[in-house]
Amino acid sequence: MIPNITQLKTAALVMLFAGQALSGPVESRQASESIDAKFKAHGKKYLGNIADQGTLNGNPKTPAIIKANFGQLSPENSMKWDATEPSQGQFSFAGSDYFVEFAETNGKLIRGHTLVWHSQLPSWVSSITDKTTLTDVMKNHITTVMKQYKGKVYAWDVVNEIFEEDGTLRDSVFSRVLGEDFVRIAFETAREADPEAKLYINDYNLDSATSAKLQGMVSHVKKWIAAGVPIDGIGSQTHLGAGAGAAASGSLNALASAGTEEVAVTELDIAGASSTDYVDVVNACLDQPKCVGITVWGVADPDSWRADESPLLFDASYNPKEAYNAIAAAL
């Protein structure tokens, strides 16, 4: 049962002052309690965030908040194709190496993001028209990037945003040239590159159990798994509008029915960042056994891609919002 807002606020105040006494100065931590630690106490793997060299070296409060309050990191941009292989066969890992070193040094679980995506894709890839060429390019890219961090990345978003809103495959260079077989190629290559990593298919607008897009995801994943494609998890980005948190339970349960080992909330942000919405999403993951964790897509509002909607858990002064304390109280 989800506590009402009055209960959440009261409990949050009690825990805030208790946390100050037990966890050191709030100023150094930026929040009195780690929601990651409390989430893990319920048997989940992580409650995490994102980072890259630019944000880590910007406001010093960002790394302080990550170190103290979150247990997992995804790279916002540094592992995308345009960053790692801007020219064919010429790999650049400066940004992603920095990210991985920070995460490992601070004991954070790493999710790799992302290997095959139609966006932030160099033109030399998007202009390919030959099946053999594109297959070889995909295999080389996936293998090289994954082996760079073999044994260091818990899970990879192997393919990202491959569905249209009607549940059909998105038109992209990958689907145009290879059809849906690009999914098999990507996952089989990823499994070979790092057999221990969990392999995810990730998408947005999977926020209603009855939507055509979610149903398309489920039916395709069931089919691919039955055909032997090694898909371990489904990632729901969960970029929500205000008031949409209540649907998270139904959507995660529906995604879990596809037959993967895991599901995860991979890019969470919510317009207005209400306590109710955030607690609804946290409870949805707690209640679904296959949901291993939640990644919030940004630390503080100024760094959000949706900054004008104030969607994150820390405000413009990098102080925790009511939603952060409500999550801590609910846990």
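Heads up, the Cβ atoms here are built off N, Cα and C, so glycines get one too.
What you are looking at is a predicted structure, and each value in this text was computed from that prediction instead of being measured.
DSSP classifies Glu161 (active site, proton donor) as coil under the three-state reduction. The active site, proton donor feature in Swiss-Prot is assigned to Glu161.
For Glu267, the entry in Swiss-Prot reads active site, nucleophile. Neighbour list (Glu267 (active site, nucleophile), Cβ cut-off 8 Å, at least 6 residues apart, same chain): Ser74, Tyr204, Gly235, Gln237, Thr238, His239, Thr295, Trp297.
A helical conformation is recorded for Cys285 (disulfide bond) in the three-state DSSP classification. Residues or ranges marked as disulfide bond in Swiss-Prot (evidence: similarity to another entry): Cys285-Cys291.
According to Swiss-Prot, the domain 'GH10' annotation covers 50-330, on the basis of sequence analysis.
According to Swiss-Prot, the signal peptide annotation covers 1-23, on the basis of sequence analysis.
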Spatial neighbours of Glu161 (active site, proton donor) that are distant in sequence (at least 6 apart) but have CB under 8 A:
Trp117, His118, Ser119, Arg170, Asn202, Asp203, Tyr204
For the domain 'GH10' (50-330), would you mind checking the mean pLDDT of the predicted model?
98
Non-local Cβ contacts of Cys285 (disulfide bond) (under 8 Å, 6 or more apart, same chain)?
Lys44, Ala248, Leu252, Val265, Cys291, Gly293, Ile294
